[in-house]
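Structure record follows, encoded as structure tokens.
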Amino acid sequence: MSLFLFISVWKPHKDAQTHTYAELAKNYNNCKVIYSAQCVVAGEMGWVESWNLMNNGSSILYKLDGGSPLANKEYLIIKEYFEPLSQLDPPELTPEEIAAGEEPTKPLKPFCLPWYPDGLAYQLNLTRRNIRRCEAYWRFHQFLISETENGNISRQEAVSMIPPLVLGVEPHHKVLDMCAAPGSKTSQLIEFLHSSDNAIEAAIPSGLVVANDADNKRCYMLTHQAKRLQSPSIMITNHDAAFMPNIFHTRKDGSVGPIKYDRILCDVPCSGDGTMRKNFDVWKKWNPLNGANLHGLQLRIARRGLEMLTVGGRMVYSTCSMHPLEDEAVLHRLIREAEGAVRLVDVREQLPGLTYTEGLNDWVIMNKEMEVIPSADEIPTKNTNLFSKHVFPPSSEDREKIGLNKCM
């Protein structure tokens with residue numbers, strides 16, 4: 001049984017007061033032009049709403065680790081907290097708080113995320129102000145902190161749980177997480193590996209999770225995350241994912257050969273412009289070429305992942321970016337190079353109730369001067385080192401065959 005609990009705690013941007021809209025207007029307008037052209041965010045109102053969200057701060061999210069032997073008991077404890085908190089009558093605002101523009105504290109109403117299996121994922125909106133003003137909320141928050149330290153609860157964004165979920169890990173699978181740090185997705189993979197109904201296989205699965213990261217310091221963070229789950233089936237490596245070496249093992253017939261993985265998570269380094277809401281610095285550093293600069297690295301990592309994937313295996317490619325050069329363009333190129341050896345899988349049925357947009361079959365490429373580059377034959381001389389002919393969208397004849405609309 002896996003229960004995932006998300007507690008949203010509003011966290012204002014530390015730079016929100018020092019960086020005004022006027023200072024970021026150029027980046028925002030350029031971003032708006034590019035993503036409006038891609039139809040990623042529809043219409044002017046779509047961008048107004050998106051900007052308000054991105055400028056409002058983000059949430060701190062927690063999940064209950066289903067791999068813990070105490071998961072069932074933890075679930076019951078959480079449920080005991082839910083009911084009184086939802087019926088709580090918060091204290092009224094003082095005149096000083098009203099004058100300061102404070103909003104009244106509202107009772108917590110857990111929301112069950114419909115796309116997570118078995119209805120075991122919940123989200124609550126709990127602000128730091130709520131915690132400060134209401135003792136019951138403060139006690140609940142302290143409980144979360146304590147359980148996090150004990151390894152029963154982990155902090156994780158709801159959206160970051162989707163890639164491991166659709167990977168479909170089973171206890172006998174050999175799993176590779178290519179860019180694993182800080183380790184929240186790796187923790188999920190370990191939990192899925194220990195999800196057997198058989199007590200022995202749940203304790204010691206026949207499968208394995210190899211968690212890799214190129215940054216040595218981040219590997220220590222990854223080790224700390226994985227250590228809390230106390231799994232005997234985790235290996236941590238420190239390599240450049242684009243040049244990930246083979247790991248050799250002895251097969252049942254006595255021969256020695258490289259491990260081929262049943263499941264690979266390829267969550268590549270990216271520009272992160274899909275995280276502007278929580279990473280305010282992204283707005284200051286954003287420019288139209290970020291996606292083009294990272295496309296090659298992302299392609300090399302994903303290509304190496306496919307080389308290590310077993311026949312019939314599954315790889316999930318994911319980024320924190322909205323830019324098609326980091327997403328659909330990478331997959332387009334991989335599928336063309338594979339010449340029929342790989343295909344895109346439609347996983348929408350695994351996520352009922354999730355709001356999403358289909359992948360793009362067509363996109364617009366712009367340079368730093370916001371000039372549209374219509375085709376590979378019209379790349380300006382000054383941009384030949386940035387854009388290759390492979391980053392352009394598929395032809396109308398290839399679109400149905402490649403099926404980029406299956407991306408989410």
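Including glycine, each Cβ sits where the backbone N, Cα and C put it.
Here TrEMBL flags 74-394 as domain 'SAM-dependent MTase RsmB/NOP-type'. Per TrEMBL, the feature S-adenosyl-L-methionine binding site maps to Cys179, Ala180, Ala181, Pro182, Gly183, Ser184, Lys185, Asp213, Asp240, Asp267. Residues or ranges marked as active site, nucleophile in TrEMBL: Cys320.
Where TrEMBL records a feature, it is marked here on the structure.
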residue: Cys179; record: S-adenosyl-L-methionine binding site; contacts (Cβ under 8 Å, 6+ apart): Asn212, Asp213, Ala214, Ala241, Cys266, Asp267, Val268, Pro269, Ile301
residue: Ala181; record: S-adenosyl-L-methionine binding site; contacts (Cβ under 8 Å, 6+ apart): Asp213, Asp215, Arg218, Cys219, Met221, Leu222
residue: Gly183; record: S-adenosyl-L-methionine binding site; contacts (Cβ under 8 Å, 6+ apart): Ala211, Met221, Leu222, His224, Gln225, Ala226
residue: Lys185; record: S-adenosyl-L-methionine binding site; contacts (Cβ under 8 Å, 6+ apart): Ser160, Met161, Pro163, Pro164, Asp177, Leu265, Asp267
residue: Asp240; record: S-adenosyl-L-methionine binding site; contacts (Cβ under 8 Å, 6+ apart): Ala214
residue: Cys320; record: active site, nucleophile; contacts (Cβ under 8 Å, 6+ apart): Cys270, Gly272, Asp273, Gly274, Thr275
Practice task
Taking the residues Cys179, Ala180, Ala181, Pro182, Gly183, Ser184, Lys185, Asp213, Asp240, Asp267, which the record names as binding S-adenosyl-L-methionine, find the longest CA to CA distance and state it in Å to the nearest whole number.
Solution key: 20
Exercise for the section: Mind looking up the mean pLDDT for the domain 'SAM-dependent MTase RsmB/NOP-type' (74-394) in the predicted model? Expected result: 87
